[in-house]
Every structure is written in C-alpha cells, then in structure tokens.
Amino acid sequence: MFDVAIIGAGVIGCSIARELSKYNLNVALIEKENDVGNVTTKANSAIIHAGYDAKPGTLKGKLNAKGNLMFDELCRELEVPFKRVGSLVLAFDDDEMKTLGKLYEQGIQNGVPELYILSKEKVLEMDPNISDNIKGALYAKTGGIIGPWEFTIALAENAVENGVNIFLSNEVVDIEKKDFGYRIITNKDTYDTKYVVNCAGLYADKINNMVSNNKMEIIPRRGQYYLLDKTVGNLVKYVIFQCPSKLGKGVLVTPTVHGNLLIGPDAEDLIDKTALNTTSEGLNFIVEVARRSVKTLPLNMAITNFAGLRARTERDDFIIEEAVDAKGFINVAGIESPGLSSAPAISLYVIDILKNIAKKIEKKENFNPYRRAIPKFIELSEDEKNELVKKDKRFGKIICRCESITEGEIVSAIHRNVGARTVDAVKRRVRAGMGRCQGGFCSPRVIEILARELGVEMTEIEKDHEGSYILTGPTKSEVQ
C-alpha cells in the first residue's frame, strides 16, 4: 500500500515526487513511458519565465514568479545547468509599447522583481543583433534558461535516492475507488494507494475521467522549433520574445544553456496527442517571425527541427485541485507554459493540498537534497581529467565527437538509479548525439555500450519510445 501515487513522470510529477520524498511517506511514481520526462518535458522552449505574462490572481500568476525564484537553490542542490540570462519582450510600434506597460504592471502584481521598460537605444546597446525596427522592450532580469530533461532526471534521481519508488513502462488502464483510497491498474501491475496525484500531462483528462464525473478535456497544442549549431549560439545574449498573443508568448530567439540557439515555437491546436511531426508551414512561420526580432538569422546552421505538445484546457489556467467527487484524488492538469518555470512552486502547492486532506504528514530527518551530476569531461581542468582517467580509463575514450562525450559518461548514465535504457535516454543525460551530426557518428557505439552494460543483444536496444528498435540483426547472417 502506497500513501501517495503520482501518475506521470514529467517535470511536474518528478518535482512533486522529490518534494514528497522529504516526508515519511511511501510514494509511487508511475509513468507509461520508458523514461522520465519523455513527452512534453523534453520538447519545449527550455525557458524559466520571469512571471509577467500570466494574469494576476490566476494560479499561473501566483506560481510562475514564486517558482522562478526557487531555481537557483534547486539547481545548485541537483547540479543542473541553469543561467539567469534575462529576457526581453520587443515592441515594434506604439500599441506594442502599451502592451509592454500592461505586462510590466502584471509582473509587479505577480511579484516579479527587477522589471524594466527600456528604450530602443538601451536595448541595442545591450544586444546589438536585435532588430533596429524596435521601439523599446520589457527587460526581465530574472528570466533564465535550463535543460528541462536534465532537471527532470535530476529530480527523479534525487526522489528515488530519498525513497520514492518509480515504475516506468506502466500505462494506467483503469482506476478503481476503494475504501482505503484507490487501486491503480496498469498494463503491468496493480498499485493500491491512499491518495492519487494526476500529473499525466496530455492524458490527464483520461486519468481524471476514470474516477470523476466532472469530465475534463485536454487539447494538445503543437509547437515547432529549429535548433541551431553552437557556433551561432551567441547570436543573442538574452531570451528574445515578441509581444504575446492569445496563442501564447510568441516566437522566441534564445541561447540554450548548452550553447546552441533555439527559435520557435508556433502554436497549433490539434486532436491527435501523438502528432509530433513538424510541418513546412509551421517551420517557415517561425523563421519568418523570428527574423523580425534579430538582424541576422543563420538558418544554414540549423542542425535539427522538432515539435512538442503542451496540454491546454479551456480554463486557460493550471488546474490544481482535489476532484469534487473523488476524495483524495488531486488533479495537476493543463500545465502548459509556464509549467516548467512554475514546477517547484506547483509541488509546494500540491503538498499543501495533501496536508489539508491527510492532516498528519511528518517531515523526514534524513532527507538528502543533494544529487551529484555525472562529471562533464570536456568541462574539467587538465588535472581533473587526468585524475578521472586514472580512476576509470573509459573517461579517456571519446564516443561522441561533436559534444566530446566519453564512454565513462555514457556508462555512468546507464547505471544511475534512474538509468538510461535507450539511445535517446543517453542523449538526454550526457548529450551524446546532441551535436552537429545528431548522432550520425556515435549512435552505433552508444547502442553497443547500452547492450554491453545492460546484458542484452544490440537488436533489443530502442532509439526512444517502446518499440523503436533500430537493428534487426547482423547483416552478415542475412546476406546469402
């Protein structure tokens, strides 16, 4: 019997799991995918928003600004890369300058510190590659950039280190109400729990509708992106937005925490919750809009494009509440932007709801907030590199040439407490395959290392999601 079962191991589910691991509770984290953070969390703008865009009084307004200010300490504890580069919202005419004024006032009401409306001259002094056609900008000094999948993996690892039980590749097929709480039935097992926290993202409606007559609908909204090579990662110094619209915060141009340049997204409401394909129309749109923000946009340096889906509801706000007709069942749904930025504050909000329901929740005396990251060989000093290779010679063998990732780093990623089991899971943990050739050189070697370390055949290694097998068998045995 679990005290709390969390359904969904994206950034929200993992953040709540880590927060719950601070208490004397038996916690289950149940995820239908074969890795944490493998849906919405892995494909987004990777921005920690300051909090000026959300309407005051909404959960987004309350939790974004609060969550933003929690990232410095969290990322130090978890050894996750995070940079407060600041953000600029550009205005191109007098009407948009008025919009900046409204955003500024919203930010002040939401408790966002260090907001400034800047002149054109000041903006161009700060970042010369911004378009000369602007009239001014809203500068949010607390805006930041992060690796969302690394953050989520770190949260999961720290949660497991502190006693959380994680069950991957477990898709929930039914939930039954019981006297003790709930029985969660997956495609693999059954889990009894007193309380349920529904963090199922795009499928939070399906999970809610299993137990509640207050039906929910999640609308998938697709956003498409271009990722550019590190050689142009310093094209802009800040996260560059245009004025927001009803469809979202608009197309941005931003450096990434790893030194690339990211542009996007567009916003397209869909029916299909698996439609992660990109379209020529969508990609052309983000390029056209992004070119309005900056003087130059070297699209010839694009190394990949991708799409992500965010979970939208008609409420136009986060849904974080106990279901009216399902006691002890807490929905955390509709967590679209600024969900990543709000994640730490959302976890505290959910804990408060649980405390009101459960009454007695005691804190642990031995909670360990720290998680050691895998050493990044390329970032070490020469002395540190030599010392590491002396301890483990696999750190002296480069597997991914684009990102200078060693065999030692890949092996470490596989044997963590929430370890990599697929090629893309390795990529998300240590960036092997994230570079210019997008895994063209290193993927076969990563497959070989995964198979060796997991004790399976290379044909059993998947690229990412379940069933995405790469190899069918040795070629020599097939040729007659």
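Backbone N, Cα and C atoms are what each Cβ position is placed from, and that goes for glycine too.
In the three-state DSSP scheme, Ile335 (FAD binding site) is classed as coil. The annotation FAD binding site is assigned in Swiss-Prot to Ile12, Glu31, Thr40, Thr41, Ser45, Ala46, Ile47, Val172, Ile335, Glu336, Ser341.
Look at Swiss-Prot and you will find Ser45, His49, Lys249, Arg310, Ser337 tagged as sn-glycerol 3-phosphate binding site. Within the same chain, the residues at least 6 positions away from Arg310 (sn-glycerol 3-phosphate binding site) whose Cβ sits under 8 Å from its Cβ are Thr40, Asn44, Pro220, Arg221, Gly223, Glu336, Ser337, Gly339, listed in sequence order.
The active site, proton acceptor feature in Swiss-Prot is assigned to His49; the stated evidence is similarity to another entry. The Cβ of His49 (sn-glycerol 3-phosphate binding site) has 28 other Cβ atoms within 10 Å, all protein chains considered. A coil conformation is recorded for His49 (sn-glycerol 3-phosphate binding site) in the three-state DSSP classification, outside any helix or strand.
In the three-state DSSP assignment, the secondary structure recorded for Cys402 ([2Fe-2S] cluster binding site) is coil. Positions annotated as [2Fe-2S] cluster binding site by Swiss-Prot, on the basis of similarity to another entry: Cys400, Cys402, Cys437, Cys442.
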Original post:
Taking DSSP three-state, what's Cys442 ([2Fe-2S] cluster binding site) in: helix, strand or coil?
Top reply: coil
Original post:
Could you state the CA-to-CA distance between Ile335 (FAD binding site) and His49 (sn-glycerol 3-phosphate binding site) to the nearest Å?
Top reply: 14
Original post:
Record lists Ile12, Glu31, Thr40, Thr41, Ser45, Ala46, Ile47, Val172, Ile335, Glu336, Ser341 as binding FAD; longest Cα-Cα distance in Å?
Top reply: 30
Original post:
Whole-number Å distance between the CA of His49 (sn-glycerol 3-phosphate binding site) and the CA of Ser341 (FAD binding site)?
Top reply: 6
**OP:** Please tell me which one of the binding-site residues listed here (Ile12, Ser45, Ile47, Ser341) sits closest to Cys437 ([2Fe-2S] cluster binding site), measuring Cα to Cα?
**Re:** Ser45
